[in-house]
Amino acid sequence: MDQPAGLQVDYIFRGVEHAVRVVVSGQVLELEVEDRMTADQWRGEFDANFIEDLTHKTGNFKQFSIFCNMLESALTQSSESVTLDLLTYTDLESLRSRKLGGRPGALAPRSAQLNSKRYLILIYSVEFDRIHYPLPLPYQGKPDPVVLQGIIRSLKEELGHLRGLNGGQDARETEIWHLREQVTRLTSEKRELEAQLGRSREEALAGRAARQEAESLRGLVRGLELELRQERGLGGRAAGRRSQDSRRLAKELEEVKASERNLRARLKTLNSELAMYRRGRRTLPPVAVREGRASSSRERSTSRGRAVTRSSSRESSRGARGRGRPAHPSPSPTGSRAPRFDPTAFVKAKEKKQREIRMKQQQQQRNRMGSGGSGDGPSVSWSQQTRPAAAVTGRGDAVNRSRNRSSSVDSFRSRCSSVSSCSELEDFSHSVSRSRRCRGRGKPPSPTPWSRSKTKSTTQERSDHQRHLASSGGWVPIKEYSSDFQGADMAEIDARLKALQEYMNRLDTRS
């Protein structure tokens, strides 16, 4: 293995700087240590046998070449497992005794040579052990001034010789020096230009990124402008639709308000009519039949003389029928006002009253027939006079009702009033015809062409009048107006009144 020719390093031992020089020539190791402060020198030469024998005594044998490498590593401090230390003889004895474990005894008197000797210790540290290799270095004293002066002179001569040899190269060296300075300057400029180029590249990249960002922002702005135009168009159309909807809703609101006012007015009218119906169900004092007939004749003359509204004619006809009826208890079980108007009960009570009136009229007719036949002429004439008047009155009431009718409820009530008034005339004429048949058994009248033609015309006129009233929504005789149809109509009236009341409650809640 090739060994270095020589090595010199500065090493600090125990806080003092020393210069250590190592020279390996073949199988000989030359070692020299010099104190930088005092210029004292210690020098020693060791062959390969001495080194190997020393390592063998320590118990960790090393070859000469390996030992030299370890010494070199310790000087250059390239390995942490080997270090150096410089000890005196006293330090070495104390270290040896501490290693052997004995007490430090009294030291024997030492010579000056031992005191001046130094020991260079190569310390090899392993995992669980430390091995010391001591190398003794005899004291060489201080350098000789004569020798030093000779060395100085030889160095000066060598320097002059080198300068003489290089005298012709001074200009070249100067030029090289200038070129080196120029290279140094250009190198610094190159570094500056590289730095500037790097900054320029960064700026260019930043500018490119800025341009890309600007382009993306422009595209985003264009997209937003397009969306804005679309939204404006949609907003305009939506605003138009909303304005149309608002106008339509305002119109519907006005219509609803108008219908609400109409319904409130109708509800008020129906409430008043209901109150009148409830008042009509109360018990009234008995009145003579003659007064009832007079009032009915006055009512017929009034209806023939002028046009009367539907409500007033209905009230007057109810008042006339109420005065002409005999006194009967009210159909109400308690006699007080009912909490709710029941049209079915009202119709049943009305039919019951009509049957009672019919029976009363038949009884009066029997009594009149039993007392004598003097009343036949007036009764027949009265019936002949009453029927056209009743027909005229029924027509006028039907026309007036058809003009003032606003709903199916009012139409049905007007038909019920017409049925009640006309059924009385029909019953009365029926009783008169029966009395005629009874008189015909004892003394049949002689038929005349005038009476025959008048009877045919009266019958035909009555049938035509009934068909006309039935088609125009007027009264229909009780025989033709069945109880099943009455019950269906009354159920329809109940349903419509209930729906109207619920609608008015919803309107009140909404408002």
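For all residues, glycine too, the Cβ spot is worked out from N, Cα and C.
If you check Swiss-Prot, you get these features:
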REGION    1-143  region 'Head domain'
MOD_RES   M1  N-acetylmethionine
REGION    284-413  region 'Disordered'
COMPBIAS  290-302  compositional bias 'Basic and acidic residues'
COMPBIAS  360-369  compositional bias 'Low complexity'
REGION    429-476  region 'Disordered'
COMPBIAS  433-442  compositional bias 'Basic residues'
COMPBIAS  449-458  compositional bias 'Polar residues'
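Per-residue pLDDT, averaged along the region 'Head domain' (1-143), amounts to 84 for this model. Within the region 'Head domain' (1-143), the DSSP-based counts of helix, strand and coil residues read 40 helix, 58 strand, 45 coil. Each residue in the compositional bias 'Low complexity' (360-369) gets a DSSP state, and the totals come to 10 helix, 0 strand, 0 coil.
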